[in-house]
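If you check Swiss-Prot, you get these features:
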TRANSMEM  8-28  transmembrane segment
TRANSMEM  75-95  transmembrane segment
TRANSMEM  108-128  transmembrane segment
TRANSMEM  154-174  transmembrane segment
TRANSMEM  191-211  transmembrane segment
TRANSMEM  251-271  transmembrane segment
TRANSMEM  273-293  transmembrane segment
TRANSMEM  312-332  transmembrane segment
């Protein structure tokens, strides 16, 4: 076995551990945050402040029987949860947490992650189709149409950032934002490049990240009041657990991408923390924002969801891309 393959496998195991811990304790954080917003206590029974609740829930999921309903396509039914989790693990392998902390740096890291993101729709479609359940199938169709609709403006916005930074390598993108928070791609008047449209790019990318992770108010694929539990209605035990971990892993990936593309990555404007800690602070602030939005805004309708993308975000992102290219041509040094 080659050294490169060993390194990739080790990186995948580290990514799996990182995803598992984050998925477990982001559930705890979300439950505590929801309780605070709704003036409840949240989980408090297992350990201080309920901190042992995630491992207890994990043990419960792993010890439950995996029930395969009659009439399902067994092969696709078993493959779908793995396919939902695998792209998230591979994405973490290419994400740099600082200039020196990256499992496997790639010159095309942004393209790789955006390519892996497209697998999410396939996993959802396989889960709905193989379940032979009308609610699961309807939820899968909703979720896939949502994924396709919001991948387009996300990709266009990512191209806008590539134009500004001149690279698809995450480390180069972060380097183009170094020198203080006023150099981040978030700001409209970045020194040396008068790009007044970057706040629009950030807003579009953030909205698309919410929609791509099926988070409220865009959780139409799991609308409990309409579709039981959505595309994973028939799943139990670790089949459900893999979908659950994949969802929270995608939340972390969305926060990482937003931080790398718009918030300077591990660049620290004050020099108070090492780069990796500053990077983690940024992504967890974004994750808290995801949680806050979920428990603040009501679920939209499927028509409103698709109209927002096809009629507003896609045209706006295209106009933004063209104007950004024009400004770079005119004003770039």
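Note: Cβ is positioned from N, Cα and C throughout, glycine not excepted.
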Q.
With Cβ-Cβ distances below 8 Å as the criterion, list the same-chain residues six or more beyond the ends of the transmembrane segment (312-332) that contact it, or say none.
A. 150, 152-153, 156-157, 159-160, 163-164, 192-198, 200-201, 204, 207-208
Q | Leading contact stretch, 8-28, 75-95, 251-271 vs the transmembrane segment (191-211) - CB distance under 8 Å | A | 251-271
